[in-house]
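Visitor: This is the structure I have questions about; it appears just below.
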Amino acid sequence: QEKLELEKKKKDFEQHCTEYNLKYDNQLAQLKKLEAHMKQWQQQLQETQDKHAAKENGLKEKEEELEKTKPSTELEWKRITSNQNDTYRQQLTTLEQDKAQLQMEKDRIAKDRSENETTRKDLDKQKQALKQKIQSINAKLELFKQSKTAADKESRELKEQQTQLSESLKRLSQRETELNEAVARLSTQQNQLQIDSDNMKLLKLQCLF
C-alpha cells in the first residue's frame, strides 16, 4: 500500500510539472508576440518623427528665405515705381498668407509631435508593464525550478525508501521461508516424538503382560 501511494504521489507531481510547463510556454509565446508588436510600433513612431523633423526643417528654411527676400522685395518695389503699390500689396498679402500657412503647418506639426510624445509615453508604459510581467514570470520560473529541485530530491528519497522497502520485503520473505522450514522440522520432530511415545507405551504394555 505504501508503494502504491508513493507511485501515485510521483505521477501527480509529474502531471503538475507538465501542466506548469505548458502554461509557462504559452505565456512566453504571448510575451514574445507583444514584444514584436512593440518593436514595430517604436519603428513606426521613429519613422513618423523623422518625417516630421525633415518637414519642419524644410518649412523653417522656406520661412527664413521668405523673411530674407521680403525686405529686398519691398525696397525694389518702392524704388521702381509707386504705381506698383497694388501689386506689392497683393504680393505682400500672398506672403502673409504663405506665412500664415507656414504657421498652420508648424502648429499641425507641433500637434503631431505632442501626439507622438503621448504615444511614446504609452509605449513606455506598455514596455514597463511588459518588463514587470517578464520579471514576474522569471520569478515564477525560479520558484518552479526550486520546487522541481525539491521534488527531485524527494523523488530520490522515495526511490531510496522504495529500495529499502524492497530489501526489507526480501528479508521478510527469506525470514518467512526460514520459519516455514523450522515449522516443518518441528512438525517432523513432533511426529517422531509421537511415534516414540506410542512405541514406549507399547513396550510398557508388553512388559506388563
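Including glycine, each Cβ sits where the backbone N, Cα and C put it.
Just so you know, TrEMBL annotations never went through curation; they're auto-generated.
Feature list, courtesy of TrEMBL:
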REGION    42-129  region 'Disordered'
COMPBIAS  48-79  compositional bias 'Basic and acidic residues'
COMPBIAS  80-95  compositional bias 'Polar residues'
COMPBIAS  96-127  compositional bias 'Basic and acidic residues'
REGION    148-173  region 'Disordered'
COMPBIAS  148-160  compositional bias 'Basic and acidic residues'
Visitor: What is the number of residues in the compositional bias 'Basic and acidic residues' (148-160) that are helix, strand and coil, as DSSP sees it?
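Guide: The counts are 13 helix, 0 strand, 0 coil.
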Visitor: In the compositional bias 'Basic and acidic residues' (96-127), how many residues does DSSP assign to helix, to strand and to coil?
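Guide: So the counts come to 32 helix, 0 strand, 0 coil.
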